[in-house]
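Asks: One structure, as structure tokens, below. Some questions next.
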């Protein structure tokens, strides 16, 4: 056994070296060198028959040729028979040689088209990490384990379920590359199925940014001479008549000198330095500086110190609520936001909000439950006109504006690029499909505003969009806006272990079934989820996490479950402030790798981080 374990360790180390080399932008191996790393030492005993030996399988199917029925009689399991038969038929060309057949069945090398391959290589020929077969991000798979039950579509290992002529392949974690072949050693030959190739420009997926000198405090003290935006637009001089007109009534810090046309951050925008530019669409753009990462949740200690929990538990007076937006452009609703007509305004609690408060003083909806009517009066359904279908969730923030995720509207890997004329919003709904007469309101859209630095190509950074309604909506017991957090609220509540709430009409479980009734809820679902430590979030994925994101969900050892799932995207992650009894939207459902998978979490757009961008757009286009 020691000999076998040593060979196994040798194989793992060889694979680790290969992955390291493939991810380099400058080092690519010759085929013979790659093959020497990819080929795995033979074990003392046949691993395939150590795992699969049942009945007379070896005698029936290796020493002789067998039928599927004979294989089933030996294995006595439909799933194991499917898996064995897929490999056995893929190895048909080498059945006459026992040694070659066993090598082919073990699956550590490719025979023919490589449909027999069952190894654990999980990078493509150009060095991109493979997407999990069960995941829908960043690509929606057309090939899955239901279609090919014997293809062993586990984890993110390279496979060839559909008989691709290029050999084993996978969907990639790069949104710009849907699927790509892998470089797999061919059985008994000194070559691989696909030669290793460099990617032009290198892959940015899974690679952390280099350690360089960064700009602190999101550029609030930046005094550099950069005068061009990230889109290449020249900045207007701060003293120009156009810039002065746009700056009128803005809350600028007088300590920030607005010199010439250099990028500055006079309003403390969490997005960083910016400047005015000529003409449409927004008259302002952000500048491309390398900012130091400063997550809001790590600032909590400075704000509350060790007395944070005591401050919440011992609260005696309600915090004064200060409106943030200009009502002329934002519309009505902010002064009364987050106070639900059927609960807070009626002095009632919903069934699970106590769980949220207890998490404060203690430190896709899957596994959720039916929401009470009026529980989330800010919940919005984004509805596609043709074909008619639920597209995403969203939230009402005033009588004129709706907040959602940018990827609901623009995501080329899923062929999404919707305009105002493609969509409408349904507000006040409880039922997923039924039209709720005299309760729900349907509104057309006037304009869609997507964050200019939304990064769909890599990691959905700044996954946020604003929808302006064509006409103001009328509030009711079932339609009411949610609050958006200020810094004080964000620092008090966005703490690891504190629970927030996600609502939506998304799938109840992750599945490939074709029957919608099995996975789609009939009414709005709700689940309470704890915020997760930032380091744990980063360690749970190979995708680069930014400070415009946070993650939430239960850890494998916590004994509880829950997550957002397909269809919940764009919906709100809300928390109730124990200081003023208002509900605040802290996040937007953005992305996740599968639904409710152990060790994986849901990722949310950090609303407070992007609030200044929202203010600029609303001030400019809300009139």
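Glycine is no exception: its Cβ is also placed from the backbone N, Cα and C atoms.
Pasting the relevant annotations from Swiss-Prot:
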- 407: active site, charge relay system (ACT_SITE)
- 463: active site, charge relay system (ACT_SITE)
- 569: active site, charge relay system (ACT_SITE)
- 61-66: disulfide bond (DISULFID)
- 91-104: disulfide bond (DISULFID)
- 109-187: disulfide bond (DISULFID)
- 130-170: disulfide bond (DISULFID)
- 158-182: disulfide bond (DISULFID)
- 214-292: disulfide bond (DISULFID)
- 235-275: disulfide bond (DISULFID)
- 263-287: disulfide bond (DISULFID)
- 392-408: disulfide bond (DISULFID)
- 537-551: disulfide bond (DISULFID)
- 565-595: disulfide bond (DISULFID)
- 44-90: domain 'Gla' (DOMAIN)
- 108-187: domain 'Kringle 1' (DOMAIN)
- 213-292: domain 'Kringle 2' (DOMAIN)
- 365-619: domain 'Peptidase S1' (DOMAIN)
- 120: N-linked glycosylation site (CARBOHYD)
- 144: N-linked glycosylation site (CARBOHYD)
- 417: N-linked glycosylation site (CARBOHYD)
- 50: 4-carboxyglutamate (MOD_RES)
- 51: 4-carboxyglutamate (MOD_RES)
- 58: 4-carboxyglutamate (MOD_RES)
- 60: 4-carboxyglutamate (MOD_RES)
- 63: 4-carboxyglutamate (MOD_RES)
- 64: 4-carboxyglutamate (MOD_RES)
- 69: 4-carboxyglutamate (MOD_RES)
- 70: 4-carboxyglutamate (MOD_RES)
- 73: 4-carboxyglutamate (MOD_RES)
- 76: 4-carboxyglutamate (MOD_RES)
- 1-24: signal peptide (SIGNAL)
Asks: Helix, strand, coil: count each for the residues of the domain 'Kringle 1' (108-187), based on DSSP.
Replies: 0 helix, 14 strand, 66 coil
Asks: Using C-alpha atoms, which one of the recorded positions 76, 91, 569 comes nearest to residue 407 (active site, charge relay system)?
Replies: 569
Asks: To the nearest whole angstrom, state the Cα distance for the pair residue 170 (disulfide bond) and residue 235 (disulfide bond).
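Replies: Between the alpha carbons of residue 170 (disulfide bond) and residue 235 (disulfide bond) there are 44 Å.
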Asks: Just to be sure I understand, if DSSP states are collapsed into helix, strand and coil, how many residues of the domain 'Kringle 2' (213-292) fall in each?
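Replies: Across the domain 'Kringle 2' (213-292), the residues distribute as 10 helix, 11 strand, 59 coil.
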Asks: Please report how many Å separate the Cα atom of residue 66 (disulfide bond) from that of residue 287 (disulfide bond), as a whole number.
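Replies: The separation of the Cα atoms works out to 67 Å.
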Asks: Sort the recorded positions 61, 69, 120, 263 by C-alpha distance from residue 569 (active site, charge relay system) and give me just the closest.
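Replies: Spatially nearest to residue 569 (active site, charge relay system) by Cα position is 120.
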Asks: Can you tell which of 144, 417 has the least company, meaning the fewest other C-beta atoms within 10 angstroms of its C-beta, among these glycosylation sites?
Replies: 417
Asks: To the nearest whole angstrom, state the Cα distance for the pair residue 73 (4-carboxyglutamate) and residue 104 (disulfide bond).
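Replies: Distance between the two Cα atoms comes out at 22 Å.
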Asks: Have a look at the disulfide-bonded residues 182, 187, 214, 392, 408 and say which one has the shortest Cα distance to residue 70 (4-carboxyglutamate).
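Replies: Nearest by Cα distance to residue 70 (4-carboxyglutamate): 187.
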Asks: To see if you understand the setup: which same-chain residues, six or more apart in sequence, place their Cβ under 8 Å from that of residue 182 (disulfide bond)?
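Replies: Residues satisfying the criterion: 121, 123, 124, 125, 130, 158, 167, 168, 169, 170, 193, 194.
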Asks: 158, 551: which of these disulfide-bonded residues has the sparsest Cβ neighbourhood within 10 Å?
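Replies: Each of the disulfide-bonded residues 158, 551 was scored by Cβ atoms within 10 Å; lowest is 551.
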Asks: Where does residue 61 (disulfide bond) sit in DSSP terms: helix, strand, or coil?
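Replies: Assignment for residue 61 (disulfide bond) reads helix.
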